[in-house]
Ligand SMILES: C[S@@+](CC[C@H](N)C(=O)[O-])C[C@H]1O[C@@H](n2cnc3c(N)ncnc32)[C@H](O)[C@@H]1O
């Protein structure tokens with residue numbers, strides 16, 4: 001069975017940009033990015049329910065859906081608000097020659113390997129005559145060459161088998177161009193080659209489907225009830241609501257994002273959190289020396305916040321699995337550190353002396369991770385790098401701008417699992433650094 005060993009499909013220029021100081025680690029990293037994290041994680045909203053209650057509810061739901069095949073559900077003492085779903089035993093990847101083929105795009109393919117069902121926009125090809133409730137072999141088109149609406153069997157050496165699904169929508173429902181684009185689940189996955197249970201997204205107001213490093217990131221920020229906290233790049237609000245939960249909804253969380261549609265979309269998530277105020281605002285302009293530090297609207301004055309989360313826009317290369325990378329141009333990849341530095345430079349004056357700044361990205365490039373930390377320590381002597389605890393991942397990678405004692409303060413989630421602080425984690429790629437403002441500059 002063909003399975004990609006790099007999401008970059010031969011674009012060595014992009015590959016060589018990812019790890020420059022640690023290029024020997026690149027082949028292992030690329031292969032890891034193509035593999036699926038096999039554990040599914042939910043963050044329980046502890047303002048609404050207890051972890052024990054949610055866990056029993058989830059166990060009952062899985063039992064009713066999957067009977068004796070229901071996967072194990074477990075918690076983690078190191079991260080009390082998390083509930084994890086174990087993978088199913090791996091099944092043999094035998095393609096049933098009697099079934100028709102259905103082709104999905106690579107981002108849909110990646111989602112279904114993590115347990116999602118197939119939504120209508122992701123279906124590229126469905127063979128003519130495919131009936132409702134028929135079982136089909138599902139493949140991803142790695143090269144992006146399959147035309148949407150293809151009605152014949154799509155033959156390619158670069159399509160990869162992902163599993164078997166049950167059809168819920170027919171061709172005319174998927175490709176009726178006269179009407180609005182189709183929405184909803186088109187194929188419900190029955191099995192997939194990753195072994196991640198095909199449960200779809202079970203998020204509710206009681207718990208949110210969220211990757212472990214994102215949950216760890218807010219724990220590192222360590223928000224306290226009554227504080228004033230800025231979330232500079234907040235949409236879709238997953239970390240914002242976690243911050244509010246750890247603050248027991250007491251204090252104030254200002255959530256900024258420059259995308260109006262993304263802020264609009266996250267509003268429904270925020271209704272039960274009275275401590276969150278969300279604004280559409282460009283955080284590269286969030287600081288204004290003339291504004292008051294108690295201002296309720298952006299921009300804000302100096303020393304306005306006890307803690308700041310800068311979960312920066314990034315290349316997103318930590319997403320796993322990646323069947324084909326969404327970034328195709330070097331220029332785009334190289335553009336992220338610039339915006340990250342501009343946002344960082346706003347965060348520093350906004351933080352009160354003694355305050356905490358957490359910088360995080362869901363990527364793996366040195367330029368957006370360790371190098372931003374090295375740059376920040378050079379540029380802002382008022383910042384001190386502190387231990388990004390609680391620790392789950394590995395230390396930061398060796399970097400010419402950081403000494404070994406600084407690297408161990410960082411948290412990087414990558415393929416070197418033997419270096420993780422907590423064993424047996426199988427996560428997406430992620431990076432976390434924590435700073436304290438030590439001087440009133
Ligand atoms: C990594 S996502 C944030 C994810 C979010 N923290 C969460 O956990 O749900 C980065 C976000 O930064 C936003 N963004 C990009 N440039 C920005 C800017 N100049 N000011 C504010 N937000 C920005 C994007 O719209 C995007 O929603």
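Note that Cβ sites are derived from N, Cα and C of the backbone, with glycine treated the same way.
Look at TrEMBL and you will find 135-438 tagged as domain 'SAM-dependent MTase RsmB/NOP-type'.
Annotation source TrEMBL lists S-adenosyl-L-methionine binding site at 233, 234, 235, 236, 237, 238, 239, 257, 282, 311. For residue 237 (S-adenosyl-L-methionine binding site), the count of additional Cβ atoms within 10 Å of its Cβ stands at 26 [all protein chains shown]. Under DSSP, residue 237 (S-adenosyl-L-methionine binding site) is assigned to coil, being neither helix nor strand in the three-state scheme.
Sequence annotations record features per position, and here TrEMBL assigns active site, nucleophile to 362. All chains included, 22 other C-beta atoms sit within 10 angstroms of the C-beta of residue 362 (active site, nucleophile).
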Should residue 282 (S-adenosyl-L-methionine binding site) be counted as helix, strand, or coil on the basis of DSSP?
coil
Roughly how many Å separate the Cα of residue 237 (S-adenosyl-L-methionine binding site) from that of residue 362 (active site, nucleophile), to the nearest whole number?
15
Roughly how many Å separate the Cα of residue 235 (S-adenosyl-L-methionine binding site) from that of residue 362 (active site, nucleophile), to the nearest whole number?
14
Compute all pairwise C-alpha distances among 233, 234, 235, 236, 237, 238, 239, 257, 282, 311, the residues listed as binding S-adenosyl-L-methionine, and give the largest one in whole angstrom.
19
Test of understanding: give the count of other CB atoms lying within 10 angstroms of the CB of residue 239 (S-adenosyl-L-methionine binding site).
24
